[in-house]
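A.B. asks: Quick one: the structure is below, and I'll ask about it shortly.
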Amino acid sequence: MLLAQTLVLWLLTTLQAPSAAMWALPGGLLLAAPLLLWRAAVRREPSVPLSHQPAAPSEDDGLLQTLAHTNAMLRGMLENVPCGLAVFDGELDLMICNAEYRQLLDLPEALFSGPRTSYEQIVRCKAERGDYGAGDIDALVAARIAVARQPMLQRMEHTREDGLTLDIRSAPLPGGGFVTTYVNITEHKLTETLLRGAIDAVNEAFVVYDPQDRLVFCNDNYRELYATSADLILPGASFESIIRAGAERGQYRAAAGRVEAWIAERMAVHRAADSEVEQQLDDGRWLRIIERRMPDGHLVGFRIDITELVLAREHAEAASRESRKALARLQAIHALLPVGITVTDPFGHIIDCNPASERMLGLSRTEHVGRNCDDTRWTLRREDGSLMPADEYPSLRALRSGQPVRDAVMQVLAPDGRVVWLSVSAMPAAHEELGVVVGYVDIGEQRAQHAALLRAKAQAEEASLAKSQFLANMSHEIRTPMNAVLGMLRLLQGTALSPAQQDYTDKAGRAARAMLGLLDDILDFSKIEAGKLELDPQPFALERLLRDLADLVAASVGERALEVIFDIDPATPPRLVCDALRLQQVLINLLGNAIKFTPAGEVRLTVRPLLLNLTDVLLEFTVSDTGIGIAPEHCQRIFSGFSQAETSTTRRFGGTGLGLSICQRLVMLMGGEMALESHPGQGSRFSFELALEIAADGNAPVLSSVGAGVSAQQVLVVDDHAGTREALVAMAASLGWPAQAVVDADAAVDAVRRGLACGPRVTLALVDGLPAAAARALCRRLRGHDEDVMLLSLENVGGRVALASQPLSQRDGLDGCLVRPLIAAVLRDTVAAVAAQRRGESPPAATAPAERRLDGLRLLVVEDNPNNQQIARELLEGEGAQVTIAADGLQGVQAVASADPGFDLVLMDLQMPVMDGLTATGRIRHDLGLTRLPIVAMTANAMPGDRIACLAAGMDEHVGKPFDFDALVRVLLHLTGRQASVRPTAHAAGLPEALRLHAVRTGLDLEAALERMSGRLDVLHRFAIALVPTLQGCSAQLEAHLSQGDRAAAVRQMHSLKGLAATMGAADLSRLAAQAEQALAAGLPPPGGHRLQDWCTGIAGPAEQLAGALQTLVADWPGALTASD
């Protein structure tokens, strides 16, 4: 199409230069003559379409015929040219046009039918139609005419309203005018659009260069890839200029530092256009460049982003390197591994083995490889020594089942005669060319060690049993004389004693009981070592603990010049929940050590709250001294069992070194951690923090009956020791008593005088730290100035004994004596006692209970032991409860089901015949649907696991036997929603002398037994009577159970005996029964025995001994008590 358009333009141009045409065309004269004539004719005639031109008249008919023929030929040629054609003269009138021109112009045909058609007429029609856009018509027409008069080539594209696109070209004619062509390029534009869209749609970059390497075309992806030089990527730009700019701007990493050399290399590849190259850009992306030359010399190129491919290739290469390294490591491991490894093919033939397998099996690699898993040359035996058949070989089992076989133990007979013990594992290999991988571990040494461990374990268990028996015997041997000591003290307390003597016996009794309470744990250190020590947190009064602690510490100080100070923060809650015995044990040990290692100076116990809220308190306990101190390198070692700071310390001060180890572990059990600061020659400071629960009534003041009504005092402290002065002033302030302190006698006298003269008057003087003679003289002087002032001295135990032995007339006006260390409660009670004595009064005594706390409660007691039934009935009915007894769990379930009205609460034993307590509880909860009925477990097993089992079975609470009756009452009141009354427990005056003497002789803790009976001697008497036949038949009944093979019944019997003995205060028999219960449950004979029946002999002696003691007790029971039954 474009070629035809060019030909027409050339032809029309030739019409303007006929001489050139003649030389240019063959037969030019013949062609040029009619054209010249035709041109002359058309210049004389108006412009009309070529098809309507009339024949021009001519003088020569031949010439006219020739001209007509030429005209017809020219007219046929122009009409058949595939484009619109028009010629305008210098006046811009239409000289000639063909039908295609008129059709493409799409103007009214009438415009061309007249004698003359001007370019202005054509333009105006097109302007009015809107071909040139909006605007003034005349202005648009004038602008187009002005352009047409310019002597220059013009080209434009125009799209009609119907979508037809025209390529319009114009060329000026010499002498004026122009020729124009209209070509329909609609299909060409559509093809071009489709081609460009297809190129742009390609994800890769696309570019075309001409034969001279000038840019013809590129898509957007190409420009985006070369963003650094995108401003130069324009049509006509040379390839070299584009890459040079990119290289200079750092776009190509390979060109860095060598731009010219790189350009030369790149141009060579570009010109060859017969290969593919990879190129990395400045942003890290990698491109694959594909360039090819077309036959016409154009170059077509693609740029493909292969960044991910390159990275994947690099990763693959890195993985390959790692794989080779891993393979090398595995080969090294395979060679060095002490575990034997063999590998088989899918048919069980061994194809590889490592050196360890050669050593273990005694086979070289050559002998090994090629054997089959089921080869008859293998000699394998089971763990018991019997021959192992091939189908049991781990390798064959894994090969056939496709499942791994692990840790199969076997014996292998090696060719050299050795028997090798192996643990063999076989794993199917996840590879089509492999079968199984078999691993061998030589366990010969391990089995020998295991056998040695079993022997050592057996020896250790035997030694442990022997140690337990030894500790039990030692406990018995120590507790028996200690019980005698306590008994004698109780007898002594029953005689006529002075107040001082009564105080001495009270303190000695408390000290002995504290020793008994700690004895079991000190002797049974192994229990702590094994982590079996259990805490028993209960509400306790801090004042009571401090009183006992002060009594024990006072005895340790003796006559030494040592100040022992208890510094108790008054903000400390008076009642807390903790294992008070363990806390006291820790404090006794720390204070005892401080006193032992402080020849003179000060020992101080400090208790202060760090954090305090309504329910909990974080308390810090500190024991500090000014003693010999501990070297830093020994500070950690002293917490090890049986270890002191150094051997010389042991020689100088004695002791086992066990105490601090026990203290540290007890503090850890209570949730704290022991800390130590010490400096040799300056002293030590032990401290720990405990988070404790405040008892339900823990913030209420705890006042003894003696000190409840004491009036406020104006206190004067006379002491030459600064630490004691400060502590006494703070102690007085904690009681709400204003206090002042002085250091010597003269200052004390001046203070009393000032008080009398100016006020406030001194009402209480505490004298401490002065020599005996000086203290006595001061008291006389103070009494001389004020007869009413109360004078109390602070002494050690010996000083108090000396003072107590003197008549009142020889005490130099002293009203009383306090023993160091002093606590606020003792000071308060002593002041109250002196004040009452001055008034001729006595301290108030405890009163009997005013009400029955369980009045009206309907209780079911499920208990198989008649003695426990009796105690429960009498004690509970004594508090007003209505008690029903059931002898086993089944009877208990039946009683609950038939009760009308129902019970308020059930007390349920755990170990019973027919049906145990846990099962009975489940029946009550599930079968009867009584989910809200309170059920309390009663058992001699007080371990945490027993409590958890009870709660899991549906019980509401758990109490251990022998139980504290007052604590049991509180539990019953809590579970039944009753308010517990706060009142003192009414104990009788204690055991009569005959009973005390009997307790001393037999080792029974009748005091504890009486407390469990809520202080009722009549109940204790009846319980002792009822217990005798149970004890007498105990051994025979146990023998019968074991002979019949009823071990469960034997366990229940020992469980019951454990609780009965504990209730009666027979701790030794209770412990022995507990050991028998655990051993029988596990099927173990007693230490030194060989049969379960040997327990009968072990139980018989202690049971019969207790039965005899109780018979004597009943026979000696005072007649007054018998009358009260």
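Just so it is clear, glycine is given a Cβ too, placed from its N, Cα and C backbone atoms.
Pasting the feature list from TrEMBL:
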- 326-372: domain 'PAS' (DOMAIN)
- 473-694: domain 'Histidine kinase' (DOMAIN)
- 714-835: domain 'Response regulatory' (DOMAIN)
- 858-976: domain 'Response regulatory' (DOMAIN)
- Asp909: 4-aspartylphosphate (MOD_RES)
- 1016-1113: domain 'HPt' (DOMAIN)
- His1055: phosphohistidine (MOD_RES)
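Thinking about packing and proximity, how do these listed features fit into the structure?
C.D. replies: Residue counts for the domain 'PAS' (326-372) under DSSP (helix as H, G, I; strand as E, B; rest coil) come to 22 helix, 11 strand, 14 coil.
Over the domain 'Response regulatory' (714-835) the predicted model carries a mean pLDDT of 83.
A sphere of 10 angstroms centred on the C-beta of Asp909 (4-aspartylphosphate) encloses 30 other C-beta atoms.
The number of other CB atoms found within 10 A of the CB of His1055 (phosphohistidine), across every protein chain shown, is 27. For the recorded site, His1055 (phosphohistidine), the DSSP three-state label reads helix.
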A.B. asks: What is the separation, in Å, between the Cα atoms of Asp909 (4-aspartylphosphate) and His1055 (phosphohistidine)?
C.D. replies: 11
A.B. asks: For Asp909 (4-aspartylphosphate), which of the three DSSP-derived states applies: helix, strand, or coil?
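C.D. replies: It is in a strand.
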